[in-house]
Each structure stands twice: as structure tokens, then as C-alpha cells.
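What follows is a set of notes on a single structure, which appears directly below.
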């Protein structure tokens, strides 16, 4: 054919092409420029977008204009086509519906395909109608796969792996069609090389799956929710008026006075349900959940083992699978939708002071994500009283710092207490008064009020857990999860694809997990050794300014180093936890998630708290004494606590690590990394647009926009972040009363940050039913119990609270704290230094030192048993252990009492649940009574007809003997 020819080819109306065989369709499209280079794509492609001919047309002309530019038309293909027909994207709401504008897109499958080397891949959008969806067979081409090649045409060469993936997709999509789903393909997208399969679940499939999953759906029966009366009603009314400005402006957040009775969906009892609007009966999250369940259990067998959607994704057959967002959340002329409402009333920093619209969150994202944000909201609210009490405790320390006798004695230069060197040779003697600032600062956190605050926080943790359980029950009632049990969830617990692969391939090997675990603890030990060596190296300073600030320098640098190592190892430990869990090959997704969470929590717990545990319980405990110090690697002395104790350093360590993790790891990473990824995607798209102006001019479909969003990685990182923070708030709160305040400020930002991420930056996750927060609740309870023990030891062994009490009641001559500092210091004769460890400059203070002091309970050098542990040490140790036992048991008892006295289920919710059960019984009783009455009516009618026949039988036998049998024409069985 010459270049300037116009080639026409007449096709019959009933072209036998796959799912569209026998149907009357029409469209205009262009063939590739070279028929020989892409013979597979020369056939007709069904495309309603370019529809322009009447439906009655019995044939279709396919036009291949070879020299359209040579005859004076320099237009893009899309420009010509748009001149032939209107753009139907508005009818399908830009990808939210099928091309017919009626069937809603419930799920999207995304795959990569390679373009033909001959040129640009042809535009191809194929729809799958209702009638053909159920008649598609495996030997027919699936929608969007092209048409049968004519005789004489040869298939283009395709890569083996790509061909294998295509065959798997064909089989899998065919199985989806057999399962009742309807599919539509779209490869005409702005993202080159990416194809989309749109999935729609028709009404009969939704009903079938809803019954299988035992989804509770609203019935026609409505009832009034019991309201409070009397004084409580007035109080609630006043509270509602006061809190009205901080309530989100969404319909779902308004107080309910009536509620629909819910019941597990059943096709046999459809008359019970409110089916007045079938389009909205199953909302978008429910529809996507149903489709996802079908995707999980539908398999393709053209592989070595059966592959569901998770395996197909893992093997690259599909690159992504996700439900669609409801629409745009910003821009002009955006139609109202739940996503836009969530963005305005929830995912905005301007509404940080408002309550969360939890019901709308659950409606859009599902119960599991709704419970996470509800838990986060309750936790943040409970931090308010804890923050207030913490501030009061801190202010008490500030107000009484000038009245603290021990710190006043340490700051009094008249005492002239000479302390022993902090390191060998290069360090000299120093005055205790030089640590005055540290001693005064220690009192801010080491005072009698901190003991009260520790007890308060233990009770606060117990109250928080009970409050959450009650809140959870209220949400279960409102969200119709009261009858939801794990047994019902078991119907969705399909074996994981990786489990099936390992079992069927028989390649499950026993791995040596102890090696990896040993490596983890080796890294943790290395961090501690690195801290000690760094501190010792920094302590060796020849300058006077360096020697005066050595303790502050050591503490600050060591904490910053620990913070950096913690942030880096957090990512490493997350990968190790996932790898160890994959080695175990758990059978179900639930088992996999629980084991992964437990391993990740243990590793990250050790990573985050090891430096803090070291300062709290190990630093200064195994130092030795002057003349007999403990060395590491025969070079570095173990660190000592300051004269005021290690509590101040523990406070610094805790505050920097907590604030650093929240600022850098949680907020900066969560904001910065998504922004950077978004910018990289934008630059890539910008380069593509510059190469293809035509694609740039088209508006993206909804599924194209959502494909460019980040995939949802689960709630584990979000929970883990908050659980570690909960540990900072409760475990060492005795050393840092301001921890709840900083956690509160972080969470106010965190809620809106997470909300914005879920609404605007992530693909819409599949809604998952859940009635609680799962294993995280047990972890929280464990941390709460552990916090009581740790705080007891912090007060007893890290702070000077117990030594002060012992001195006050056993050794003080006048019943005051005067002389306490001198009581806690032991004496050392400098002549007893080991060879080579004495200071190089013994006259650094300007006088010769004979006796130096160090903090410990030991016998003086003039004693018969010099430098042995004194009886004062054993008295203080006994008091410390006694305090731990008393504190732990008392606080545990009080926590259990709070747990016992507060019922898990609120009384009004218990009454409403009972009322629902009674109403449901009444509904079924009335239904059975109606059936019995109908049965009795039919029997009465049959009986009367039989009597009439018997009364008139003689006459009927004489005159109409042939019609007697008509009296018994009604059957008795109903």
C-alpha cells in the first residue's frame, strides 16, 4: 500500500471477539502506522471513549490514514478523536466508574507491560459487559488482551518472562470473571507501560460474599437509644454546649438518638434489611473488602504452585492492587465526598484542637484503622492530666531548690571538699563545689514529689487501659461489632502465599536463628562499649576548660551518639524482625503479623532503652574504688556518677532520646521522606510530559492518581512509634516528670500528621474488620506492669531518695539533712594509688592533697579494714530492697483495684446490647408468627373448599361427575 493511500476495511457487526461476541458495539480507532510491525494490534479494540456512530449501525469502518499530516492536518490523534465525540471521562467521573458510567470501580489491579519495539503501543481500553462476563471461558481471550490474529499474521517476539506473566494474568482474570466479578481494562494512560484492570462486584456477588463473611448490615427495624435522665442529662447537655466548638462538623459525629438494628446478612432474609437504596447499601469500604476477599482466594494454577493475589504481587505478575479513593480532596469544583470532608475536618493542622471524626474514619478506612486513631485519641486525652501533674511536680522542684540542704552543702565552697580524680594520670583533684549546677539541677527531678508522681503514673496507666476498654466497647456497639468473634474472622484466614509456596516446594529449611539474635545483642553491647570508650577518651583532656566541662561534654556527646545509633539500628532491627518471621513461615497473615510485631517490639525495645537502662542501673555500680578501679580492656575506667547521683544524667539521656526520636525519626522522617518521594515522582512525570504533550493535556483517571501514591504498609510502624513513646512516659517517669507533656505535644501533631498521610499521601487501604487493637493491648499491659518495677528500682537505686531517708531517721543528729553529703562520701589516702595511676599534676588545686573523697560507703584508710564496705552500705541496701518490695506490691494492688472497680463494659452499653438481642428475637418471633398465620390461612381455605365439595358431592356426581376432582386442587403442603 502506498504512503498516501487511505485504507478501508469492512468488518461484520457480529465479530466473534471474546467477551463481546454477538454484541453490537461501535467505535472509531486508528491502526498502527505499520501493519507488519504490530500485527497483533491491528484488530478492532472496543473503546466507548471514541464512540460516534449510532447503535443501529451493522458494520464498522476502521480507517488507517497513512499520510494525515501530508494532506494538511497536523493534529494529535486525541484532537481528531475528540472532534468526533465528546469526552466521556466526566460520565465515569474520571475512573471512579466503568466506561458505561453506571458500574462503580471497587478495586484496581495494576500490571507492567512492554511496548512493541516498532513504536508506540496502541490505545486500548476494553470493557467487559454483564452478559459476556458470565460466559467467558478459559479458551477465549480475556478482556483487553487483544483480538485473534488473522491468518498470515505472525505474533511479535515477546520476552519469555513477560509472556508467562501475561498467561498468568489471563487465567487469573478469567477465574475472577467466573467468580462473578466484572472487569474492564485500560492501557491508555498517562503512565506509559502501565495497564489497569478495573473490577466491579455486581449485586449478587456482594450479597453472596456478605453472607459468607457474616457482615452485619442494618435492618429495617429502628429503635431509640436509651437516654440519660435527671441530673446526668443536664450535665451532658452542658458538656455538649461547652464542647460544641471543638466538635468536627460531620454528620457521623452527632449524638445518635435512634439506631438501626443490625444482623448478619442473609440472602434468604433480604426482606429484613433496608434495601431501599441498593447502590449505598454496601458502602465503598465494604465493597472493596468483599472484592479483596475474592482476590485472595481466587488462584491461578499456571505456575509451580497455586498463586493468589499476594503471590501474584510478590512475583511481579501484578505490580499493585488497591481500592480507589472516593475522589479529589482539593481543587476547584470538587464534588463533595468523604475524602474531602476528612481532609477538612480531620487531616488539617488547623483543626488540631477538635475531636477526631472517628465514625467517619471508620466509614472510610475500616474498623482496624478507626480503632488505631480512636486509641491514639484516648491516649492523647489521657496525657493531659498526666502532663498537668508532671508540670506541678517539676515546678515543686524549682520552688524548693533553694531549700534543699544537700545541694546547698555541695555548693558551699567553705566546705572545701576535695574529690578524687575522674581518670588516671591526666585528671587531677577537683572541688565538689564545681558540681554545684549539677546538684541543683538534680533536685528538680530528684525530690519527694517524684515518688508521688511515680505512684500516680502507675495508677494512670491502669486507668488508661480501663478507659480504653470501655471506649472500645462503645465503638464495638456503634460499629455493630458486638457479635464479631475470632471464629467469624477465621473464614478470612487463608494460608499465606509464602506458606503455600514453602510447603508445596518442600523447601522449608531450618535456619540458625540464634546467630542473628546473637548478632543483635552483640550490636547492643557494642553501643555500650562505644559509649564507655568515647566517654573515657573525652575525659582525658589536658586543657583546664576541658577538665571543667568534661562531665557535660561526655553526657551530651554520648547521648547524641546513642540517638544516632538508635535511629539507624531501628531500621536494621525492623528488617531483622521481618526476616526472622519469614524464616518461620507462619501459616496465616494474622500469625505472621503477630509474630512480626512481637519480634520487632523486642528488638526495638532493647535498642531504644538499652542506653537508658545502662545509665539508670549500671553506670557507677561497678566502678571499684580509688586504688582498685575496674577497667575495660585494661585501658578504660568504668564511668562514675556525679556527686549528686546519676538521676540527672538519666533525665538528660531520656529527654534527648525521647525528643530526638519524636522529632527526627517520627515527624521529620514521616514528613520529609514522603515529600522527597513525591518530588522525585513529580520530576519523573515532568520529564515524561515534556516528551509527550498529548498525554500532558489529558486529565488523569482516579486510578492513575492513586497509583502514584505511596502503598499502605500497615499499622505496625504507627503503633510501634506510640508504644515506644508510652514506654518513655511510664518506665522512667520518676527521672523525667515532663515526659507526658512532651508526649502530649508530639501526639497533637502526630494525629494530624498521620491523618494527612492516610488521606492525601497513601493509597486507600483495604478495610479490615477488628473489634480490638490486638496484640498491642497485651504489650501495653506488659509495659504498664514493668513500669511499676522499673520506677521502684529507679527511686531506690538511681536516686538518693532512700539514702536520704536512712540518714534522716538513723544517722542525723538533729533530725535534718545537714551532714548528708559528708555521710555519703568515703575517704582515700592518695599514697595508696596504684603505680602509674596518680595525677601527673598533684598541685593543680594549689595545695598538696593528702586525703581525697569519693562517693561510696566504705571504711576510711585509718580503719583496721580500710576500704572495705561499711555497715552503712548494708543498711541503705536493705532499705532500698524493702522499698522496692513495698512500692511494687502496693502499686500493683492499687492498679488491680482500679482494674477491678471499673467495669470493662459501660452499663448503658450493656443495656443497649441486651435490648438489641431482645428486639432481634421479637423480629424473628413476629416473622415466624406471620408464617404460621399464613400457613393456617391456607389450611383453612383448603379445608373449607373440601367441605364444600363434600356437601355438594351427590348433586355434583349426578350432574357434573367429571368435575369432582377439581375440589382437591389445592395442596396442603406449603
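Every residue gets a Cβ built from N, Cα and C, even glycine.
Looking at 477-501, 552-576, 627-651, the stretch flagged in TrEMBL as transmembrane segment turns out to be 552-576. Record note: among 517-540, 661-684, 685-708, 517-540 is the stretch given as transmembrane segment by TrEMBL. Checking the ranges 722-745, 746-769, 770-793 against TrEMBL, the transmembrane segment annotation falls on 722-745. For the ranges 596-617, 794-815, 816-837, 838-859, the feature annotated in TrEMBL as transmembrane segment maps to 596-617. TrEMBL lists region 'Disordered' for one of the ranges 34-62, 63-91, 92-120, 121-149, namely 121-149.
For the transmembrane segment (596-617), the list of distant contacts is 520-521, 524, 527-528, 531, 559, 562, 566, 569-570, 573-574, 576-578, 580-581, 646, 649-650, 653-654, 657, 661, 716, 719-720, 723-724, 727, 731-732, 735, 775-776, 779, 790, 793-794, 797-798: same-chain residues at least six beyond its ends, Cβ to Cβ under 8 Å.
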